[in-house]
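Here is what Swiss-Prot says about this protein:
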type	residues	note
BINDING	7, 8, 9, 10, 11, 12, 13, 14, 15, 16, 17	ATP binding site
BINDING	166, 174, 177, 180	Zn(2+) binding site
């Protein structure tokens, strides 16, 4: 059964990619450009990670859809796009079904559940959608802290300096958005040196 790992180039999905490669899982990766500001840098990191792991990276470019569900995101650059998973996960499920994948893996961690689109009830309904289309939707790390998944990735060979987390999409991480703050905390909690270059925006 071949799986499809949703890839963003961040700590979580990159750690998952290394973890599953080490375990010998047969999987490809899917990057979805849904109009996020950081798409270019995310895709860059995703390509690097997949090249190092010799994994196929599929890219779905649906950036035009952002106009349908994003209103003032450009006025709130430090905030993640609300409800994005309600859009991209069903697309990933349909994509997997069409391409013959029987499972999609989402590397969401415990901290992600504070966002509305990652609430347990919503994820459960998305899994039900997958069942209808006979595509298993797996969230194996949902109960784990980000720092634990980072440890798994690094122990499997991940160089975290190759990953990208910032919401702004600059060459260097801003260090202030919610994703940068969670990135910093993950390294601190995991007792792993943070190799990230952060901008000084103060």
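Think of each number as a place in line: the chain as shown, counted from 1.
Using the three backbone atoms N, Cα and C, a Cβ is placed for every residue, glycine included.
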Seminar exercise, completed: In three-state DSSP terms, residue 166 (Zn(2+) binding site) is classed as coil
For this session: Around the Cβ of residue 13 (ATP binding site), how many other Cβ atoms lie within 10 Å? Please give the count over every shown protein chain.
Result: 27
Exercise. Out of the binding-site residues listed (9, 11, 13, 15, 17), which are within 10 Å of residue 177 (Zn(2+) binding site), Cα to Cα?
Worked result: none
Problem set entry | Same-chain residues at least 6 apart in sequence whose Cβ lies under 8 Å from residue 180 (Zn(2+) binding site) | 165, 166, 167, 173, 174, 198
Exercise. Which residues in the same chain, at least 6 apart in sequence, have a Cβ under 8 Å from the Cβ of residue 15 (ATP binding site)?
Worked result: 107, 149, 150, 152, 153, 154, 156, 158
For this session: Just jot down the residues in the same chain as residue 17 (ATP binding site), at least 6 apart in sequence, with C-beta under 8 A of its C-beta; none if empty.
Result: 5, 7, 29, 49, 50, 53, 55, 153
Exercise. So around the ATP site, 7, 8, 9, 10, 11, 12, 13, 14, 15, 16, 17 aside, which residues have their CB within 8 A of the centroid of those CB atoms?
Worked result: 46, 49, 107, 153, 163
Exercise. Taking the Cβ of residue 174 (Zn(2+) binding site) as centre, how many other Cβ atoms lie within 10 Å?
Worked result: 20
Exercise. Tell me which residues of the chain lie with their Cβ under 8 angstroms from that of residue 11 (ATP binding site), as long as they are six or more apart in sequence?
Worked result: 146, 149, 150, 153, 160, 163, 165, 183, 186
Exercise. Which one, from the binding-site residues 7, 177, has the smallest tally of other C-beta atoms lying within 10 Å of its C-beta?
Worked result: 177
